[in-house]
């Protein structure tokens, strides 16, 4: 069942665990990386569809009755509650043999990302699964203890003048940290949840709700700052959420939000 946040967390966690178990066993199996659908701006691979089926089936087995919003199939079923899943964030990394990918499952009892009550993130290798509900964030079965922050920012942008100027400004503001672009936004945000990086920024204005539905609410539960506009993204279907500016430092966060408005015209 999934009537309370704690029950929803257990359902999301079980589904994500099943998904990552399959992906870990399937890593480096070339036949699973074959493209089966071309969406012009993105593709679906055999592995995407197979792990998605596993997650959907597990959610139903765990008693979730609402609609399931998925990256590949769109919307499965109906109901007031919504499970928002990204079965393989980092699909391209998986396909080229880079072990940087993650399974994301979130459950919302309402229409927007603000209404997500529970979720889970299960990374590729070396990590336990992480989950959250109304009581907090968990690392495996234990309450999360945030770690020591490294001088690193994760940044995604396109090579055009205003976005490059924003990169320069954010780089200076954060003390000239090292910049990384690993390729799986939910995994990137998990490093922020864990307290390991300074900031995660994506200003391409094309992130979708399925990419961030578990990671952003999880980050908010550890006291992080995220641009407010993204939280109003609806979760009843796959939708564009836009940019992400996420970091702990409130003053620097406010400065970056102002820079975003000035340079990119987005508030």
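Note: Cβ is positioned from N, Cα and C throughout, glycine not excepted.
Curation plays no part in TrEMBL annotations; they are all automatic predictions.
The DSSP secondary structure for residue 86 (Mg(2+) binding site) is strand. Per TrEMBL, Mg(2+) binding site is recorded for 71, 86, 88, 89, 211.
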Site of maximum Cβ density within 10 Å, from binding-site residues 86, 211: 86
Local backbone state of residue 71 (Mg(2+) binding site), from DSSP in three classes: coil
Sparsest-packed among the binding-site residues, when each Cβ's other Cβ atoms within 10 Å are tallied, from 71, 89: 71
